[in-house]
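Chemist: Quick paste from Swiss-Prot:
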type     : residues                  : note
BINDING  : 538-545, 584-588, 638-641 : GTP binding site
COMPBIAS : 65-77                     : compositional bias 'Low complexity'
COMPBIAS : 100-113                   : compositional bias 'Low complexity'
COMPBIAS : 131-147                   : compositional bias 'Low complexity'
COMPBIAS : 204-217                   : compositional bias 'Basic and acidic residues'
COMPBIAS : 275-295                   : compositional bias 'Basic and acidic residues'
COMPBIAS : 311-328                   : compositional bias 'Low complexity'
COMPBIAS : 331-344                   : compositional bias 'Basic and acidic residues'
COMPBIAS : 422-435                   : compositional bias 'Basic residues'
DOMAIN   : 529-696                   : domain 'tr-type G'
REGION   : 32-442                    : region 'Disordered'
REGION   : 538-545                   : region 'G1'
REGION   : 563-567                   : region 'G2'
REGION   : 584-587                   : region 'G3'
REGION   : 638-641                   : region 'G4'
């Protein structure tokens, strides 16, 4: 049956902590607490270990055969204590008699109750110390325990204060029978052959007591025969003493002629007076009162020293002595990797921890030994004779309070006579918390999913919230514990705090499905040749669309508003039995995103450069897009038929942009073309097909389709129409499609060039697709899935993310310097005086919306805030007019018209609707709208100067200044600055201007007039009046 360690400790009369250490030494691991359970086998193993330890430290003494013919050693005379106490000394029965007959021969010995080990139960019998005297050969014992030639018995007494023996203190400082006095070792005789010898009488008895020689303090611990120090208070000795084995102490037998040394019971006071062993153990002051009252009436015990041989435990085998073999060595303990890693995390090394534990144990043992004086039993104190009487203490609760204040508030033990014997308190172990992380290191990296909050990051990384918040504030981020942190911020935190963590984004259905589709590698056996995708890039009005019209055989230029391309187009044509896909991009500055999309989906980029203009800003942008896409570049030098063009100048400019012509040893092919006359068209087409053959473009038509959305629009009769280009696989009618925030099933597809319906589209094929729920974003990738619910979930997640970004608003960044300026000016917390321009934008395609947004981003002004309330694809509806009326917004329509309801509501409520078909016209009107909402600029215009010649005072009117206009003119409603003695003393509004008696609008130079100022009558002669006016001038964004 399992047993707790503390229950086994009570059974073995041990301390629970000591038994825990014994369990560890016995080889039983995982039992570091007194509440741990031990099985029957483990308990038996612990008992066997304790028995083995006791047998090893206490060897069984050799039995001495008793002989009557052997003379005994002389016994030293015992000091007579009757003079001090008035009572006769009693004998102390140390140990138990070797034979029952020997105990019966002593009729004066008091009856002792016998326990299981043969030890007397009750109070420990006091031991009488005898002075060192000269040997008395005439005092012969009738019996001798051993012959002269026989080996002397070795008797060990327990060194710990047991219940029945009382021979030593728990701290190991009690003196056993084998203690040395004056450098001589005492050798006692057996109890049967040592009769009590009366000590010398006192002076009152007629005999002079011999003078005790001065004794020096002997060492407390006894020495073994081999000279090795056996320290008192050892674990095996204490266990043997508490388990009933009385053979722990050792007494060296006397040799003939050597006197018996004094038996000591005091701990460290070796040179004090002899204690009275028969008086009650009261306080010193109470003992003095009892001595004055008279002698004690209690029965005095008869003291007798019985030095009988103490047999060892019968069930324990004799263990070899310490000198019989080499000293035991500790096993080599190799440090594991976990321990080494734990040391790096703040854990102490095993050796350092063991040394610290040993030092703490020695320190506690030392403190216990210093605070314990002559303990005969646990918690009982023996008061020496020479102790000075203490001061009279306080009574009642005051005494207890004072005791607690000086640290003596322990448990109080009351003696049999009602007096306090000893105050002691059990010291509790003090727990010191150290700020060191003692957790074992992780065996693998911590994974943190992003985005996460600051709290989640701290819990995952093991950092405190205060440290993370302090680091984020140091980075200039004012966040709270629930704020989200992105991937970059988490990386900065990990670097700052030296964390070895793995950051990963949360797994979603999109990542699971879309990533699998994108990363699926095609089998080389399934790849077939596909048509190349050729994109025309260049500056506006350089002839891109004209070149494409000549190659394709159509005329798109005439249908474009303003003669410029404002939409991206894609066509697939067959030329000499070989298919080529062409993509036309706008060249206007506003269509940067369209050019970037065209460069990303292309295989070959055709850079169209006008021979008369050369490299222009949008040409440089197109070069950067093509280089970023890492595609071959072919330069079409257009308009070569114009007079005065210099092809070498254009090629020099291309070389400056790292495009070296093949004619000059580079790798860029330059084809001279003319779209109007058709010059160089065949050469350009052959060059493109040759480059396609060299690169061997291929795709797998048997897999699910994926590609890019080039453009999307909302049509009234067909709904959402998306222009897609298939990059890999085959797209069929009925496929489930997800493209950005849009999803749906393919209902119909049309050819982009002819408009004919088609049922499937292979690689490098542009199509117009119907069936999506909303217009997808231009540039979004599309994928074909197997389940409509998965497509709906992915599209919904994308739409939610887009909504969160749009609703997040714009956070104004305030630097510390601007914050200080606002604080000093008292403008902190005040809203800026800005004018808001609300817009509702409707366009025919997603690409047009992107172009308009790009143009609006140019008009960033601190006094005007442009807010786009809604942007969408399709015509202007009644809801748009209602929203514009409620928010005082302007509706901008690009290539769309309002319906009848929207037009009538706009006329009724005064909503402004502006329609455009060319992007730069829309840009000019938006600029005018913004400039019209700017505050006009005030300019000061100087008009003239007048000198005050004479001053007239009229009671009802005021002071009139007669002036002479010396410069310029004085006009009505102007302002006047009054200058006197070279400085301006005031600035006032002109109230009245008269010439003779008539009010006039203006007085020219050289004329005299009368001037009256508003609110100022202190005009004096010789003052100078300066006339000026403030004009408001409309401001420009430039």
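Cβ coordinates are placed from backbone N, Cα and C, and glycine is handled just like the others.
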Chemist: What does DSSP say about residue 541 (GTP binding site): helix, strand or coil?
Modeler: coil
Chemist: Residue list, the region 'G4' (638-641) vs rest of chain: Cβ under 8 Å, 6 or more residues beyond ends.
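Modeler: Contacts of the region 'G4' (638-641) (Cβ under 8 Å, skipping residues fewer than 6 from its ends): 542-543, 546-547, 608-612, 647, 672-677, 679-680.
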Chemist: Enumerate same-chain residues with a sequence separation of six or more from residue 640 (GTP binding site) and a Cβ-Cβ distance below 8 A; give 'none' if the list is empty.
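Modeler: Spatial neighbours, sequence-distant, of residue 640 (GTP binding site): 611, 647, 672, 673, 674, 679, 680.
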Chemist: If you draw a 10 Å sphere around the Cβ of residue 538 (GTP binding site), how many other Cβ atoms fall inside it, taking every protein chain shown into account?
Modeler: 28
Chemist: In the region 'G4' (638-641), how many residues does DSSP assign to helix, to strand and to coil?
Modeler: 0 helix, 1 strand, 3 coil
Chemist: In the structure shown, which of the binding-site residues 541, 544, 585 has the fewest Cβ neighbours within 10 Å?
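Modeler: Checked 541, 544, 585; of these binding-site residues, fewest Cβ neighbours within 10 Å: 541.
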